[in-house]
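The structure appears right after this line, and notes come after that.
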């Protein structure tokens with residue numbers, strides 16, 4: 001069966017990852033000891049996408065957990081589902097990366113990376129037909145960003161033909177842990193552009209806004225934010241894990257969403273948004289779901305799709321609904337808002353339908369869009385990066401670990417190129433497309 005190998009790195013990655021496994025376990029009816037307690041055949045039909053079955057009938061997540069300090073792992077291990085993970089798959093150092101990308105990618109992380117790769121290799125060898133990898137990490141810290149991108153490039157070397165999907169939490173403008181976030185994020189994007197196939201872009205600020213505005217939470221905690229992320233992560237892969245009428249896998253997703261190889265940063269959304277405590281919407285209709293899904297306030301990264309155009313988009317509906325109605329709604333959205341879609345990619349919105357809804361809901365939808373407006377986010381990080389880099393502020397932390405200023409300059413220009421590529425396709429029209437191809441050949 002088409003297995004996915006999940007890797008989580010750094011504090012943020014481990015916390016999101018732990019939450020994700022809680023959601024997936026609940027959906028498949030697996031309790032915290034790894035025992036199946038579900039009530040329907042479909043839960044076990046493709047359980048091996050994410051789980052290995054142990055000899056005693058326990059289901060063990062195909063997950064590798066890594067960090068450069070033991071703290072977060074200890075809290076994952078002592079958490080509700082902590083005992084379900086394979087103990088050998090916890091790989092951690094003691095020193096920490098101190099929010100320093102260079103420590104994660106070149107010094108501390110480089111020392112630990114071989115033990116992580118050994119675990120990855122072992123899990124990959126146990127797979128029947130490995131479909132790809134999914135990596136959870138943040139780009140603002142040291143481990144998730146530095147060691148995370150190091151691992152991605154190493155996996156890329158060893159498994160060049162497997163899909164590499166990342167859930168990357170970007171540094172957000174208002175919610176910031178560290179002053180060097182723009183450095184870490186820019187250095188990471190430089191890697192992700194080259195080595196990842198698809199990146200789901202998340203951002204704390206947008207998640208905070210959703211929690212405040214839509215879910216009416218007074219003080220959203222990271223737990224609430226991770227809850228939103230895990231709902232989306234589970235939605236992205238539901239087609240792989242449950243039977244459906246229109247199925248998609250990581251590769252089909254990529255083929256439908258990525259018109260140009262470098263432009264693989266997606267904004268994601270989820271509907272219906274309900275706060276953890278209350279599922280006040282007893283039932284929603286497909287039109288209501290569709291409307292909420294396309295709403296700019298629902299996007300989990302701080303970029304406004306109304307400021308750009310969609311190159312492509314994909315919607316994954318879950319629950320019992322008519323495919324015909326789904327198709328009608330999607331066409332309806334495109335016709336009414338045609339200016340927000342590039343006209344030189346016809347039929348650029350795909351939908352898939354999976355029969356099994358998330359726990360506690362009748363129907364739900366996960367949205368993935370490849371919109372040119374995501375350049376806003378890169379542009380913002382780039383501005384912050386430039387402001388500090390001009391003055392060479394904090395650079396000694398990086399050069400002290402053996403980095404060269406040249407790497408910063410390269411990463412900066414790669415990110416700026418990415419921004420201008422998005423802008424170029426935002427402005428492109430069907431008639432002028434020929435000119436761009438010539439430009440590309442020269443470049």
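Even glycines carry a Cβ here, placed using N, Cα and C.
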11, 69, 138, 142, 143, 144, 226 bind GTP per Swiss-Prot; candidate in 48, 195, 204, 256 listed for that same site: 204
Region 'Disordered' per Swiss-Prot: which of the ranges 404-423, 424-443 is that? 424-443
Here are some binding-site residues: 138, 143, 226. Which one has the most Cβ atoms within 10 Å of its Cβ? 143
Give the helix, strand or coil assignment DSSP yields for residue 226 (GTP binding site). helix
Are there residues of the same chain, six or more positions away from residue 204 (GTP binding site), whose CB falls under 8 angstroms from its CB, and which are they? 169, 172, 175, 225
